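Participant: This is the structure I want to talk about, given as structure tokens.
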């Protein structure tokens, strides 16, 4: 008898499972092994890892091998490892094939098989299979049929143990047949009790009447041999109590799954021994005497399976896109079909590979195992490796004190470290681009430039001190004093935000901002601030660039520690387009300040004072510099335009200064400030507030931006906004270089080197070419002075251009601009800045699209399906406009819809951040940060989609911009730096043909190794028929075919860019046909649905 001794040599737990390996051959053998009969050919009636394990032992002994396989296993490795392989169970279900005894015996007889090894599982403990082998004259590598039967009957095995004097757990003498018998037993012995199937069940046949059952593998001392004529290998299982007493459970009359542990610590090849015993050899002949068996150190076996511990070890299936195993000293691998490209079937055991580590003691073996598991790279399916690593790091496990409640009492075992899988995810993203084109909407058909910008030379060392150092030392009030006392004109650079929002649809990526950031820190340290965050950049980062806006802020802050950062805060709307609870705005500002934000430009799209005051209070309480911004419209130099007069702006400024703003700003978002108006407005404000710094923002749409800003400076403005030359002009800000040059040598000298401006501009001139698909110059070749008439804000001017093209109105942009002016009048002449500007723009495009004049809109207001933004504005969702709403129009549109009085967010209940965080962690894992919570608070749906995207495609922000937008060309080689010291070398090799599942295989070389990914061809999928998948959180269809509808009832929502339009039913009737699905792409005049009047 050979003891199965292993890793843990003792236990302090209340109850522990121990297994003892039994290897026996004695005088009472049955006839097949009385004399030595060499085996020449062995069949393994099994699959996977155990079949390969036996084949290897046979090959080492010079024995020919035969595999059997089911129809589902044609690609499995065990079939290839054998000398011969034959199909069994044709037409049968997957498991049934390996249980079909007649077929297995037939193959054995037809191919002159001498002996059959059953492995474990399937037929390994079936006495009828052992008997069938004997009847066919084929040796069964295991105990005799009678012994298999006795050991398989757990009741009889228990009786034999009692007869042999082996301690057993108290239990019934035979199978119970009624509930009363169970109740009587429980009364006698108390709980817990175990119900166990009389004929076993592989662990699944045991049920504990109490809420635990965990089987912890531990190996113990010898037991009395059961005198049943046992021959060959087997395993005796015991329970061990806290006093070290052993209680017999059962015998497994086969090779155990964990036999590798015994082999490693005893240097005995159990399969070799099984084969030799089957040939008729005795244990002494094999050198296996009990007193000669020595235990050498400890060993651990880990079954690496395709099971997800986070989902109750639910098996995962799919294709192994990557498989790289851990190896090295002290590691043994017994694999199944683990290789790149392997398909993991749902039909069989989820084992990929058994990893066995050995060392001088348990901690050493555990260290080796941990290291080996960390080396594994398995991609394409979930595995249990993170769970195994947690077990191997658990002190209770390492000190051998585990018991049957080990897992229940260690919930931290399920705190799983997420697998990064960055390289393979990036290959998926690149493959998706190669198959389906850009992952972000492209407004125009233009290719990104192949040329990357050259980064100007940056001095070594820390950048010089800047205005941020003043802020950190003196605080917001001291900072404001220093600005007011500064000699010369100060500049805010908008290149990092508003400039690219205006010219490049907000699409500039952190990747390109980071490259030039150190140069700016070293050469533009005397900037008042750098605008780089907030406004539209926040949601666009997640929505279209698939990057975290907070990470952008953090990374730029690290690269530019000396220049104050400035953001755009939409008052009570924070960085969103809707109302938020007050505590959400306060929390957002707090987190922004903690991440490096300094100056908060607070505005409201309607100059609605209650909204502005909330934003100012939130920014101020966070410790930020409060810059209250008055949005400018109209013309204070025109005495005929009195709604937004000089008195209006002065009174509003008075309220803001009284509220404690550190800096007063004029936000001229459409570029309407003419030089004369600039002198009047800024001169008046300077006289009225001599101690308060004044900051002016404008756009250069009409081409008069530089002149207007110089006029502001001469009238007393302390700071003006500019953009570097190659990112200036048109709908962006005035040119930095022009202002620097024009003020040089005067009292307004900026102190900025013109040569450095040129270097800075050269970088952006080339970088801008990377964003050619978004460049406004693709459709707009110049600015236009008609902005003084239509008053379209700079950023919106660009967006309207793209939006008009996307809706088929590109040739009608002139009409759109005229309609914008008319729409503004319909809505009562609004301050126009996000989101109020969007409302006017949505109405303008609605008018052009439906050929409506102002008169028609006002006349038919009660029957038209207006854009959702217009309806919500009239309800009061963004506040109350100066002068109030156009009540006649409002009443027609709203009818009986509810109206909001006062500040919209005032009535909202506080946001529960703790509940939000818990929900996010449940959905996306435990690595959710405070910043993530705020992103979800601002944009729940956008954040959800962002997390789903990054979970699928990984850190795409590390790709260069051309690769990010259009992917690599075939045969292109490139490098991707994941992090410092970790660089991927990638080559795009080929694009495969379309398969039956609508996929294409895309081939890459990654770090010198072949990799491939399967990518769904979205265009081909539209033409192929597949079982429909569930859609979640889709904006679109809200009615169904056959549904009754009433006149004015919402039917569906159409979305173009950021504009959403609710389509209302024009009549009472029934939907007889739908021509669209959620996410359908439509063009002008496309039919959406058909409605017939109800009879």
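Yeah, the Cβs are placed from backbone N, Cα and C, and that goes for glycine too.
Heads up, here are the entries from TrEMBL:
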type: DOMAIN; residues: 38-412; note: domain 'Biotin carboxylation'
type: BINDING; residues: 154; note: ATP binding site
type: DOMAIN; residues: 158-213; note: domain 'ATP-grasp'
type: DOMAIN; residues: 228-279; note: domain 'ATP-grasp'
type: ACT_SITE; residues: 254; note: active site
type: DOMAIN; residues: 489-758; note: domain 'Pyruvate carboxyltransferase'
type: BINDING; residues: 498, 667, 697, 699; note: Mn(2+) binding site
type: BINDING; residues: 570, 834; note: substrate binding site
type: MOD_RES; residues: 667; note: N6-carboxylysine
type: DOMAIN; residues: 1012-1092; note: domain 'Lipoyl-binding'
type: MOD_RES; residues: 1058; note: N6-biotinyllysine
Participant: Around the Cβ of residue 667 (Mn(2+) binding site), how many other Cβ atoms lie within 10 Å? Please give the count over every shown protein chain.
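Facilitator: Counting Cβ neighbours of residue 667 (Mn(2+) binding site) within 10 Å gives 23.
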Participant: Residue 570 (substrate binding site) to residue 154 (ATP binding site): how many Å between their Cα atoms?
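Facilitator: For residue 570 (substrate binding site) versus residue 154 (ATP binding site), the Cα atoms are 74 Å apart.
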Participant: Using the centroid of the Cβ atoms of 498, 667, 697, 699 as reference, list every other same-chain residue with Cβ within 8 Å of it (recorded Mn(2+) site), in sequence order.
Facilitator: 494, 668, 669, 698, 721, 733, 794
Participant: Rounded to an integer, what is the Cα-Cα distance in Å between residue 154 (ATP binding site) and residue 498 (Mn(2+) binding site)?
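Facilitator: Between the alpha carbons of residue 154 (ATP binding site) and residue 498 (Mn(2+) binding site) there are 77 Å.
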Participant: Who sits close to residue 834 (substrate binding site): which same-chain residues at least 6 apart have their Cβ under 8 Å from its Cβ?
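Facilitator: Long-range Cβ contacts: 535, 536, 570, 577, 605, 793, 795, 796.
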Participant: What is the number of residues in the domain 'ATP-grasp' (228-279) that are helix, strand and coil, as DSSP sees it?
Facilitator: 18 helix, 17 strand, 17 coil
Participant: Whole-number Å only: compute the distance from the Cα of residue 699 (Mn(2+) binding site) to the Cα of residue 254 (active site).
Facilitator: 82
Participant: Quick one: pull the CA-CA distance for residue 697 (Mn(2+) binding site) versus residue 254 (active site), whole Å only.
Facilitator: 82
Participant: Which one of these recorded positions, 154, 254, 570, 697, 699, has the sparsest Cβ neighbourhood, judged by other Cβ atoms within 10 angstroms?
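Facilitator: Per-residue Cβ counts within 10 Å for the recorded positions 154, 254, 570, 697, 699 bottom out at 154.
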Participant: Measure from the CA atom of residue 498 (Mn(2+) binding site) to the CA atom of the residue listed as 'active site' and give the result in Å, rounded to a whole number.
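Facilitator: That comes out at 73 Å between the alpha carbons.
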Participant: Restricting to the domain 'Lipoyl-binding' (1012-1092), report the mean pLDDT as a whole number.
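Facilitator: Taking every residue in the domain 'Lipoyl-binding' (1012-1092) and averaging pLDDT yields 73.
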Participant: Name the residues of the same chain, 6+ apart in sequence, whose Cβ is under 8 Å from the Cβ of residue 498 (Mn(2+) binding site)?
Facilitator: 531, 535, 568, 697, 721, 723, 732, 733, 794, 795
